Each structure stands twice: as structure tokens, then as C-alpha cells.
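Working notes for the structure below.
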Protein chains: 2
Amino acid sequence: MMVNDYVVVPEGSVTTPSGFRAGGLHCGLKKTQRHDLGVIVCEVPAQAAGVYTLNQFQAAPLKVTQESIAAGGKLQVMLVNSGNANACTGQQGEDDARAMRSAAAKAFGVADHLVGVTSTGVIGELLPMPKVLSGIEKLPAETRADGGDDFCQAILTTDLVKKEICVRLTVGGRTVHIAGAAKGSGMIHPNMATMLGFMTTDANIDSAMLQKLLNEVTDSTFNMITVDGDTSTNDMVVVMASGLAGNDSLTPEHPDWAAFAGAFTHVGEYLAKAIARDGEGATKLIEVTVAGAASRDAARAIAKTVIGSSLVKSACFGADANWGRIIAAVGRAGQPVQTETVDIRLGDISVLKQSRPVKFDEDRAEEYLKGELVQIHVDLNMGDATATAWGCDLTYDYVRINAAYRT
Amino acid sequence: MMVNDYVVVPEGSVTTPSGFRAGGLHCGLKKTQRHDLGVIVCEVPAQAAGVYTLNQFQAAPLKVTQESIAAGGKLQVMLVNSGNANACTGQQGEDDARAMRSAAAKAFGVADHLVGVTSTGVIGELLPMPKVLSGIEKLPAETRADGGDDFCQAILTTDLVKKEICVRLTVGGRTVHIAGAAKGSGMIHPNMATMLGFMTTDANIDSAMLQKLLNEVTDSTFNMITVDGDTSTNDMVVVMASGLAGNDSLTPEHPDWAAFAGAFTHVGEYLAKAIARDGEGATKLIEVTVAGAASRDAARAIAKTVIGSSLVKSACFGADANWGRIIAAVGRAGQPVQTETVDIRLGDISVLKQSRPVKFDEDRAEEYLKGELVQIHVDLNMGDATATAWGCDLTYDYVRINAAYRT
């Protein structure tokens with residue numbers, strides 16, 4: 001599929017970019033025999049960048065990963081476990097995260113500071129370290145050029161589907177790939193970065209540039225989704241660039257920078273939307289676009305307020321064209337609005353024009369809302385700024401899943 | 001029951017204070033034969049005060065009520081309909097709210113500016129005015145000294161139980177009553193005031209003092225509850241004081257001011273908690289107290305973040321002692337915390353001490369969480385400020401109710 005200057009690689013994964021292998025196995029953190037330990041390995045130290053949760057109770061492994069990247073801007077091994085978040089576990093948790101890093105460094109024969117670590121799962125329980133360390137020892141044998149799928153399985157918790165993508169484009173005459181995998185599902189309300197995202201690329205780009213690009217892209221993709229308004233302690237997106245595509249180093253001055261940034265954004269947005277669509281209990285993806293706002297911050301805040309409204313989410317689940325809930329959310333977002341100039345559309349069905357109800361075909365609206373994608377358009381008609389946010393419906397299954405997550 | 005200086009009057013209602021009558025009837029706004037039009041009437045013009053939603057799309061009747069109170073600080077007739085919010089209905093909605101005011105003024109023989117109007121129900125539909133006006137004409141015949149119950153029935157929407165209370169105390173040797181009735185259930189996340197609350201008292205107190213007291217009490221009661229994080233367009237609390245108790249006018253210098261303010265707060269808090277407990281689909285009341293905070297604003301913000309967390313609410317529904325969700329909410333509230341000094345208790349069961357997990361009896365915790373009241377205590381151990389917020393669990397019934405509210 002051609003999208004702008006890049007194409008999506010069919011069956012592409014985090015190992016499609018040159019230099020990357022991946023793998024996963026079951027070490028005993030999940031009660032069922034599903035993978036719970038995964039790794040991405042680069043054959044050379046990769047330029048690296050990361051964004052991390054703003055939740056003040058940041059989990060131990062995030063501190064360790066930040067230290068690794070800070071040491072030299074590079075990562076060669078990215079280790080992840082699911083089933084246990086290693087958050088709110090105090091000094092022991094930090095010691096455990098460091099022990100995981102050392103064990104992975106030893107297993108893959110690299111320096112400690114080239115290893116990143118992250119965890120996802122239940123908060124507040126210590127990791128069963130013998131199981132984890134024994135799993136790490138076995139990981140190199142399970143790490144393969146076609147291990148992207150195993151890695152994806154290893155990062156899932158309540159996710160129903162794996163989320164991965166790879167795009168290809170040309171940079172300075174060289175073929176470059178950008179790939180990503182993510183987990184999401186619950187406690188998803190990114191602030192800076194949230195959930196776990198792993199991106200790989202074979203582009204030649206240094207760590208500082210990669211960080212700048214990741215920050216920008218996170219702001220309009222991962223930070224614009226919500227499942228339940230709860231920002232996790234463990235959210236992180238990490239990107240590793242092997243440089244093996246051999247292009248001239250990418251900076252904003254490079255003639256193909258815009259193409260690369262566009263492709264990079266596509267990967268981020270694809271993963272963000274995939275997380276929203278697979279939110280806990282979700283039956284559909286909801287996309288809220290706010291246009292005509294006084295500022296981008298206002299547009300973002302309003303879009304996130306609408307997408308986060310339990311009432312809007314429930315109405316989408318029930319296919320009820322209850323636009324009153326949408327405008328109520330717009331009005332409580334704490335942003336400037338003109339109360340007489342708001343338009344609202346559900347898909348292409350106009351329901352509010354200049355803040356006045358429009359007679360619409362209820363049956364057609366219901367039919368539209370029953371679909372797997374609901375697009376809510378809000379035009380404030382007061383400025384030029386626009387923002388889009390993604391989320392999902394609120395369903396019986398969300399309640400079922402979260403009423404007994406630990407048991 | 002004796003509480004401080006006041007007693008709760010058994011079977012007390014908004015008509016218990018001297019001078020008040022009330023009533024309700026079915027005029028055709030609700031599809032079933034339940035009351036949908038109600039009124040509180042005072043035999044003299046009552047000193048009045050009100051607080052109103054901060055949602056920018058404030059409903060038409062709220063504007064009209066504010067105008068009435070602004071005209072002379074008094075109300076004699078407070079009219080309310082349920083089944084239709086008369087919100088986002090433009091000029092026609094405002095004209096309709098004024099027509100309701102005029103009709104009620106005529107029916108009860110008072111000046112227009114002594115009438116307040118409010119509405120609750122679906123947003124964005126015009127009121128069927130012939131039904132409403134015909135109902136208003138019939139209201140005086142349905143207005144009685146024992147009409148408190150009829151009034152309560154008339155303000156309910158998805159509420160399951162009526163919410164009313166009356167307390168009695170002595171002020172300057174005179175017996176004074178303070179009573180209230182409220183509706184809540186959905187779109188409940190007060191900001192300034194939210195949901196509908198009606199308070200009556202026979203105390204002698206002027207409008208300005210009443211307003212000051214109402215503002216303070218709203219801040220720690222109605223503004224500290226949430227059902228779903230959605231601030232309605234129609235929220236309002238109005239208080240009417242007949243003065244017929246004959247006490248010396250109440251000001252902060254009056255020797256019984258503290259007693260009166262305490263009793264007034266009790267009424268506000270009782271109604272606020274009753275709304276939270278009867279939140280849409282709720283099976284229990286959740287009370288979150290944050291202590292040891294750096295400031296009252298910080299304590300309030302953290303308490304409201306925890307009470308508003310869908311994950312915390314779901315865990316309470318499922319009786320799952322998942323305190324990780326509580327601390328995650330504390331950490332994303334945007335307020336100062338010390339990440340190493342947080343204590344959390346569920347009732348009297350300590351689950352986190354100095355930010356470290358405490359081994360607790362899971363069976364006992366589950367038993368506690370299955371109760372009708374769940375008290376979550378968070379101590380930040382960094383200051384003196386405290387705040388309490390109230391909410392309810394997130395259940396299958398919340399989804400069921402809101403997936404098809406209009407249909």
C-alpha cells in the first residue's frame with residue numbers, strides 16, 4: 001500500500017529493519033503458558049531514544065533504561081517482561097531491574113549500559129527473580145530473525161491482538177525500514193508516553209535526532225489515545241536505529257527528512273490507534289477530531305476530553321447518537337469555546353450546526369455507530385488549530401476485565 | 001440521631017422548614033407515568049442563593065434562575081422539570097425557560113423575578129411547551145405541606161432512590177430547620193455545583209450570607225463527588241431561606257453561626273454522598289480521603305483523581321484489593337507527592353506503608369470490599385492538608401444504562 005513516500009511492508013515486524021532479531025518465551029510470570037519474556041537484539045549498538053511515563057510513581061525498570069540510554073545514547077538489547085510491572089516495589093524492585101539488565105547483558109555478550117529493561121503487569125508485587133533470570137539465560141537460543149511474532153506475544157497482557165507494523169521508504173537512495181510493536185489495553189492515558197512501544201529502524205540517525213523526532217511523534221500519536229484515563233506507572237516507548245541501511249545521517253536538513261518523519265509518524269499513529277482499538281473490552285475504535293480551535297493545545301485538550309468521556313464511550317457502544325454528551329464534554333474541557341458556533345458530525349452525519357440541533361436520520365446514525373470505526377468531528381469555528389485523539393467504547397467487557405484483573 | 005448541635009428529623013423533607021410547600025405531577029415529559037414537573041413554594045419571598053455548573057454550555061433555565069436571584073436575592077417559587085434538559089436549545093430554549101417562569105409566576109401569584117427554573121434530562125431537544133405549560137397550570141392544586149415526596153419523585157431521572165434530608169437545630173433560642181433534596185445519577189462530576197440540589201431553611205439569613213455559606217459548603221460536598229467525570233450542562237444547587245424561624249439574622253458573628261454552618265454542611269454532605277451512592281449502576285459508595293498533603297488543593301485534586309479512576313472503580317466493583325491502581329492514580333494527579341512516603345489503607349486494612357507493599361489478608365480485604373461502603377485512605381505523609389471525595393463503583397449496569405439512555 002502506497003502512503004505518501006513510504007509503503008507498508010506486508011507481514012513486516014520489528015525484525016524487518018536490517019540488523020534486528022527478536023524472541024520470546026514463557027518463564028512463568030503469566031499463569032498460562034503464554035510468552036512473558038521478550039527481547040529485541042541489534043547486531044550492532046543501536047542509536048536509541050525513549051519517552052517515559054509522567055506518572056510520579058515511575059516503575060523501576062524505566063529508571064534503569066533511562067540510565068542505559070543516558071550512558072551513551074545506545075541500546076543493543078531491549079528486554080521486556082509481562083505479568084508483573086515491577087512498580088512500587090522500592091529498592092528491591094530497582095535491584096531486580098538491574099539484575100535483569102546484567103543477566104541480559106551477560107546472556108547476549110554486551111555491556112550493561114547497552115541493555116534496556118521494561119515490565120508490564122500487576123503493580124506492587126516483587127518479581128520472582130529465579131524464574132526471570134532462568135528465562136533470560138534461555139533467551140539467546142530463542143532469538144531469531146523471524147522472532148517478531150514471539151516478541152509481540154511476550155508483551156501482551158489483556159491485549160487481544162498483537163500490534164505491529166513496518167514501513168519502507170527511500171532515504172538518500174538507500175532503502176530504510178521503520179518498524180514498531182506495542183502493547184496497550186488498560187491503564188492507557190498517555191502523558192508523554194504511555195503503554196509500551198518498541199520501534200526499530202535501520203536508518204542511520206543519531207540518538208539526539210531520534211529523541212527529538214520521537215518526542216514530536218509521541219505528542220501527536222501515543223499521547224493522543226486513551227482507554228480509561230489512567231496513566232500507567234510503566235509507560236514507555238523506545239526506538240532503536242541500527243544505521244545498517246547506510247544512508248547519510250538523518251537530520252532535519254537532509255532532503256529526505258520529511259519523508260522519514262512522515263513514515264515514522266505513520267508507525268507511531270498506527271500503533272497508537274491499534275492500542276486504542278484493542279482497549280480493554282473495546283468493540284470499536286473512536287476517533288475524535290477537533291477543528292477550528294483557538295490553539296493546538298485547546299484542540300488537543302478538547303479532543304482528549306471527548307474521547308475520555310465515559311458517557312460518550314458508552315453511547316458509542318450502544319450506537320446511540322447522543323451528541324449532547326459530546327457537547328457537554330467540549331464544554332467542560334476548560335478550553336475557550338464560542339457557545340454559539342459549534343458544529344458536530346458523526347462520520348458524515350451532521351447532528352449539530354452552529355450549536356443548534358440538526359434533524360438527522362436516527363436509523364442511519366445508529367447504523368453508522370454500529371460500525372468498527374466511529375469518527376466524531378467537532379468544529380469550534382473560532383480558529384485554525386486541529387487535533388485528533390483516539391479511544392474506544394466502554395463495554396460490559398471492560399467492567400468484567402477490570403473487576404477481577406488480579407484474580 | 002444527635003450529630004454535633006443538630007438532629008436529623010425523621011421523615012423530614014424540603015417542606016419541613018416553616019413556610020414551605022411542595023408538589024409534583026406528570027405532565028408528559030417522561031414516557032412512563034412518573035412525575036416530571038415539580039415545585040417548591042415558600043409562603044413569603046425567601047432569601048435565595050445558587051451555584052451553577054461551570055460547563056460552558058450552560059443550559060437555558062440556569063440563566064433565567066440566575067437573573068431571578070440577581071434581581072433581588074429572593075425566590076418564592078422554584079420550578080423543575082425532568083425528562084428534558086433544555087440545554088443546547090438556543091434562543092428557543094431560553095424563550096421556553098422564560099415562558100416557564102412566567103407561567104409559574106402567574107399560577108402562584110408572584111412576580112416573575114421570584115421564580116427560579118431548572119431542567120434535567122436529555123440535552124438538545126426542545127421542550128414540548130404545551131405539555132409543560134398545561135402542567136404548570138395544574139401545579140398549585142398539587143402543592144402541599146406534605147408534598148416533599150412528590151417533589152423528589154419529579155426530579156429523578158435514572159436515579160433509583162430519592163435523596164432528601166432535614167436537620168433541626170437551635171439558633172438564638174429559636175428552632176431552625178435546614179432541608180435538602182437532590183437528583184444525581186449520571187453526568188456527575190461537579191465543578192462549582194453539579195447535579196440538581198434544592199435546599200430549604202426557615203432560618204433568618206440574608207441572601208449574601210446564604211450565598212457565601214453555599215459556596216463554601218458546595219466546595220467540600222457537592223464539588224467532591226464524581227460518578228463518571230462528566231460535568232453536566234444543567235447542574236445547580238439552590239437554597240431558599242424563609243426566615244420564619246424568627247431568629248436574629250445569621251452572620252459569621254452570630255454565636256450560633258458555627259452550629260448553623262455545621263448543620264448546613266451536614267445536609268450538603270448527606271445529599272452529595274447520596275448522589276454518589278446512587279450513581280448510575282452503582283452497587284456501593286466509595287469514599288477517598290487524602291491526608292498529609294502539601295495543600296488542600298493538592299489533597300482535593302488527588303482525592304478526585306482516585307475516585308474518578310475507572311480502574312479503581314472497577315476493582316471496587318469486583319472486590320479486588322488492587323491498590324496498584326490507587327497509587328497509579330495518586331501519581332498521575334499532577335500534584336506534589338513524595339514517592340517513598342505514601343501509606344494506603346482500605347478501611348482499616350493497611351496495604352501500602354511508606355510506598356512499600358504490606359502483606360495483608362486477601363480474604364479479609366475481599367470481604368471488606370464487598371460491603372456497601374468502601375473507604376480508601378491515602379496518607380502522603382508530607383503535610384497537614386486533607387480532603388475527602390465520594391464516588392461509586394463502575395459496573396455492568398453503568399454500561400447498560402448509558403449504552404441506551406435515549407432509547
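Cβ from N, Cα, C; glycine included.
Residues or ranges marked as active site, nucleophile by TrEMBL: A:T194.
Look at TrEMBL and you will find A:T157, A:K183, A:T194, A:E280, A:N402, A:T407 tagged as substrate binding site. Under DSSP, A:E280 (substrate binding site) is assigned to coil, being neither helix nor strand in the three-state scheme.
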>> Would you identify which of the binding-site residues A:T157, A:N402 has the most other C-beta atoms lying within 10 angstroms of its C-beta?
In response: A:N402
> When each of the binding-site residues A:T157, A:K183, A:E280, A:N402 is checked against chain B, which show a C-beta distance below 8 angstroms?
Replying inline: A:N402
> Where does A:T157 (substrate binding site) sit in DSSP terms: helix, strand, or coil?
Replying inline: coil
> Other than its own, how many Cβ atoms are within 10 Å of the Cβ belonging to A:E280 (substrate binding site)?
Replying inline: 28
